[in-house]
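Undergrad: If you scroll down you'll find the structure; I have some questions about it.
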Amino acid sequence: MDEREALIKAGEIARQVKKEVVDLIKPGAKLYDIAEFVERRIVELGGKPAFPCNLSINEIAAHYTPYKGDGTVLKEGDYLKLDIGVHVDGYIADTAVTFRVGMEEDELMEAAREALENAIATVRAGVMIRDVARAIEETIRGKGFNPIVNLSGHKVERYKLHAGVSVPNVYREADTYVLQEGDVFAIEPFATTGAGQVIEVPPALIFMYLRDRPVRMLQARRLLMHIKKNYKTLPFAYRWLQDFLPEGQLKLALAQLEKAGAIYAYPILREVRGGMVAQFEHTVIVEKEGAYITT
């Protein structure tokens, strides 16, 4: 399977899981059950999770994934952002959709969805990133909402979810990267009723391996080896490690590894004013005359 075939296969799996999960999104549903279903189906369909299933509600914009024992349930009217990642041999599909639990799509969701459509319509080889960002910003502001300025889409490479080039939600003169044929990008507009900025809040429930570092605690060394072997350079969930070590030891080991610079912790991201947040996302392959949507 070549790179393009793997990217397309990952996208097909992500699309299928998005379809299947709809039936679970209802008042009273547990986030834990939804995340476990999503990740299990990814594997059953022939892929692997490229990152933990993100389930972020209302003013939480990103990086919430449930843990074992998490009792969080969906309530009618919640804005649920479902962000899923699939990889096939390291080639990634990253896609997100917002649900209004028990209700129809509203104007906030429409703004984010249309921003994604308009952004993708600008994508082709030779276009600057800032022109894609402009389409996102103009669409969201035109609908009376704010784009989130400190969240962005990103270039994707094999086993690298964030490959060094961002696709912001707002136009910036300095974003002069020119899209190349064959580039893979995840484009993800975030629209909010709030101020248009996110802040980090504890706890971190998602982590990523950075590098080997000496640590004193034996369990921390064992944990780092386990992380490297199983997740390579892709993000992983606290939940995925809860059976590996007892709770107290796991928290201590993760804290040591983070302090040593061996792993990176992704804090939960919340809209600064508590505004509602909607997000839609596709992964695209840049082509001469447009974009091939894999998801």
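Every residue gets a Cβ built from N, Cα and C, even glycine.
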Undergrad: Among E181, E188, E247, which residue does Swiss-Prot annotate as binding divalent metal cation 2 at the site that also has D94, H154, E281?
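TA: Checking E181, E188, E247 against Swiss-Prot: the divalent metal cation 2 site match is E188.
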Undergrad: Other than D94, H154, E188, E281 themselves, what residues in this chain have Cβ atoms within 8 Å of the centroid of the divalent metal cation 2 site's Cβ atoms?
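TA: Leaving out the recorded residues gives D83, T95, A96, G153, V156, F185, A186, I187, H282, T283.
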Undergrad: Given the binding-site residues H63, H154, H162, which one's Cβ is surrounded by the fewest other Cβ atoms within 10 Å?
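TA: The binding-site residues H63, H154, H162 were compared, and H162 has the fewest Cβ atoms within 10 Å.
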Undergrad: Just the number: how many Å between the Cα atoms of D94 (divalent metal cation 1 binding site) and H63 (substrate binding site)?
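TA: That separation, Cα to Cα, works out to 14 Å.
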Undergrad: Show me the subset of H63, H154, H162 whose Cα is within 10 Å of D83 (divalent metal cation 1 binding site); these are the binding-site residues I mean.
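TA: Matched binding-site residues: H63, sequence order.
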Undergrad: In the structure shown, which of the binding-site residues D83, D94, E188, E281 has the fewest Cβ neighbours within 10 Å?
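TA: Fewest other Cβ atoms within 10 Å, among the binding-site residues D83, D94, E188, E281, is found for E281.
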Undergrad: Do you see any of the binding-site residues H63, H162, E281 whose C-alpha is within 10 Å of H154 (divalent metal cation 2 binding site), and which ones?
TA: H162
